[in-house]
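Visitor: Mind looking over this structure? Questions follow.
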């Protein structure tokens with residue numbers, strides 16, 4: 001037994017050892033014992049609130065005149081109708097409840113007297129009094145739902161924080177009493193397929209699955225069912241087979257019929273018909289269970305149904321973390337542009353989703369929620385009936401102008417359940433968004449969990465993992481995971497040589513070694529790891545600035561010594577006398593962050609590289625890359641710009657600068673801000689001393705090595721046509737990658753986008 005005086009002494013020794021270990025990690029550049037780039041713990045994953053069973057089921061949204069996505073008139077959906085909230089007795093506590101119910105962290109302010117314009121329909125709530133802790137506005141004290149003496153001149157509005165609740169998931173509560181719905185495959189040929197596209201429609205009632213009688217079933221109902229399971233429409237099926245099956249097994253029928261218009265996002269939004277009366281011990285006299293067969297849609301992973309698309313689509317999604325989510329962009333006159341969110345609705349969003357081969361829309365997002373686009377705003381005040389084949393067929397106001405990209409519309413679509421999420425997991429992390437990557441694979445006839453080899457593991461592979469798990473974008477890719485104790489039984493490597501383009505739905509779709517594994521370091525502590533984030537930055541170069549600032553300069557070699565040390569001149573400069581000249585193609589770069597989170601360099605400041613000649617730190621060794629190509633696509637000259645100073649040169653109105661390089665400050669680009677590299681700074685050029693006069697293609701890559709994850713890499717490339725006559729130089733037709741139609745883009749030689757491997 002230890003003497004009593006020895007306990008404090010032992011504690012002191014242990015404390016000293018702890019400090020010593022921590023000091024060792026700090027010398028390695030790991031201030032808290034974690035590797036560089038290791039993110040701070042995030043909040044716990046969002047869980048939907050449990051409400052008392054008698055709580056009125058409402059849905060909220062923000063609407064009104066010119067506004068950002070996190071502000072607007074408070075509108076409530078109840079009993080099949082959208083209405084408003086009166087400003088009587090409304091307070092910041094009530095605004096807090098509204099904002100949190102919509103997925104924002106908190107309320108900033110609220111506005112009385114219809115600041116965002118007068119609403120329409122019923123005024124559902126009046127004299128609302130909340131404590132701020134209620135889980136829904138319907139639980140706050142009020143006159144009672146639908147009881148009001150107000151006019152729409154008293155409609156209340158709120159401003160919410162622009163930060164979202166981590167892991168917040170939109171839940172459709174515009175519903176009747178439907179607990180759950182599924183399509184159950186009956187025929188053996190469909191039971192073997194994923195996803196299920198044909199079978200009985202079953203409703204969960206009292207914890208039991210029941211079929212629906214087809215006596216009053218319509219095509220509109222089938223359309224809704226297919227849409228909610230991620231399919232664009234319904235199709236015919238062999239009814240005789242199902243009648244034979246129904247005779248052999250007695251169905252258990254639900255008590256209600258259903259009446260849908262065909263535009264509902266979910267069966268729970270349809271009106272319930274009368275209760276089906278029981279006759280002769282049957283609830284479906286002369287009928288059979290409802291069967292739906294759905295059109296699978298245009299998915300590259302549905303190989304058994306996939307048909308190639310003959311023409312370029314007129315609509316696309318950009319900036320979303322998962323398939324079926326993104327900012328809506330339409331093609332007009334050979335140029336891609338966005339849709340303004342004025343009057344943007346679930347109906348119009350559903351037309352977009354079905355046009356793209358998905359199901360109905362889960363959310364119609366406004367206010368640039370999924371990042372801001374570039375180029376023109378092609379459509380405004382869009383109104384669809386819901387049955388159009390394309391959103392371009394919907395009515396829109398051709399005269400209405402003045403929308404900014406802060407009002408870009410976006411969608412989240414219902415997509416088929418492919419089961420990819422069950423074949424991957426993150427293990428050992430501090431929260432559900434991080435951990436060692438563990439994959440479920442088949443070995444010797446059975447499914448086993450194991451790790452992924454980290455050799456060559458990078459951003460693109462991490463992006464696929466986060467997408468497959470539905471966790472958003474990658475924020476970091478790790479090649480060592482000793483600090484994450486995963487499942488010991490899953491230590492063996494089951495996948496190696498993984499190389500992804502970044503667009504795959506599943507890690508198994510990426511190139512990899514297959515059964516012939518090669519992993520020198522093995523799994524366990526050296527397994528691949530990721531951390532994920534719901535948001536990501538999106539850097540876009542302003543092509544007009546490049547076009548307007550291009551010029552040529554002959555500069556003496558003795559004034560280029562610092563640039564020479566940083567490899568910013570062509571290789572022939574090493575043989576050039578100090579009194580000779582180099583001819584430089586100079587231009588300014590204005591790089592915007594149009595994404596949803598700040599762009600930060602991958603390396604922490606402890607590992608930034610000091611360049612003594614220019615007296616600055618490089619936080620990313622290559623931030624932009626410049627190429628000059630001949631018209632047949634051959635590279636004839638190149639340059640690069642290290643990010644010696646990532647900072648907010650300027651910002652949009654109302655956004656404060658956060659990053660400034662002065663006094664060795666933090667580096668980065670805030671959302672809504674841009675970093676300008678002026679034409680007159682070193683390395684902001686291409687050395688064209690050895691180039692002959694002629695026509696060329698000029699290209700700029702931002703973040704070319706994909707060191708920092710972004711929501712969209714296709715717009716990191718900018719291209720221009722360039723003419724050089726030996727005395728002067730012109731830059732024209734400058735545009736970002738993916739901003740023009742395929743036909744126009746193909747007239748430019750060189751790379752079509754930034755999806756190339758620089759690693």
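In case you wondered, yes, glycine gets a Cβ from its N, Cα and C as well.
Marked as disulfide bond by TrEMBL: 86-150, 99-160, 130-140, 260-270, 384-394, 500-510. Annotated domain 'SRCR' per TrEMBL: 60-161, 183-295, 315-414, 424-533, in sequence order. According to TrEMBL, the signal peptide annotation covers 1-23.
Can you tell me where each of these features sits in the structure?
Guide: Long-range neighbours of residue 86 (disulfide bond) (same chain, six or more residues apart, CB within less than 8 Å of its CB): 123, 125, 126, 127, 128, 148, 150, 154, 155, 156.
Other Cβ atoms within 10 Å of the Cβ of residue 99 (disulfide bond) number 25 in total over all chains.
For residue 140 (disulfide bond), the number of other Cβ atoms no farther than 10 Å from its own Cβ, over all displayed protein chains, is 20.
Using a 10 Å radius centred on the Cβ of residue 270 (disulfide bond) and all shown protein chains, the other Cβ atoms total 21.
Sequence-distant contacts of residue 384 (disulfide bond), defined as residues of its own chain at least six apart whose C-beta falls under 8 angstroms from its C-beta, comprise 345, 347, 348, 350, 351, 391, 394, 395.
When the domain 'SRCR' (424-533) is classified with DSSP, helix, strand and coil residues number 19 helix, 40 strand, 51 coil.
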Visitor: What are the DSSP helix, strand and coil residue counts for the domain 'SRCR' (315-414)?
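Guide: So the domain 'SRCR' (315-414) is made up of 16 helix, 34 strand, 50 coil.
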Visitor: Do any of 130, 140, 260, 270, 500, 510 (disulfide-bonded residues) have a CA within 10 A of residue 99 (disulfide bond), and if so which?
Guide: none
Visitor: Determine, using Cα-Cα distances only, which of these disulfide-bonded residues is closest to residue 500 (disulfide bond): 130, 140, 160, 260, 270.
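Guide: Of the disulfide-bonded residues 130, 140, 160, 260, 270, 160 has its Cα closest to that of residue 500 (disulfide bond).
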Visitor: For the domain 'SRCR' (60-161), what is the mean per-residue pLDDT, to the nearest integer?
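Guide: Looking only at the domain 'SRCR' (60-161), pLDDT averages out to 88.
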Visitor: Say we define neighbours as other CB atoms within 10 Å of the CB. Which of the disulfide-bonded residues 130, 160 has the fewest?
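Guide: Comparing Cβ neighbour counts within 10 Å for the disulfide-bonded residues 130, 160 gives 130.
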Visitor: Report the nearest neighbour of residue 260 (disulfide bond) in space among the disulfide-bonded residues 130, 140, 160, 510, comparing Cα positions.
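Guide: Smallest Cα separation from residue 260 (disulfide bond) among 130, 140, 160, 510: 140.
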Visitor: Around the Cβ of residue 260 (disulfide bond), how many other Cβ atoms lie within 10 Å? Please give the count over every shown protein chain.
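Guide: 21, counting other Cβ atoms within 10 Å of residue 260 (disulfide bond).
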Visitor: Counting each residue once, how many in the domain 'SRCR' (183-295) are helix, strand and coil under DSSP?
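Guide: Counting residues by DSSP class gives 30 helix, 35 strand, 48 coil.
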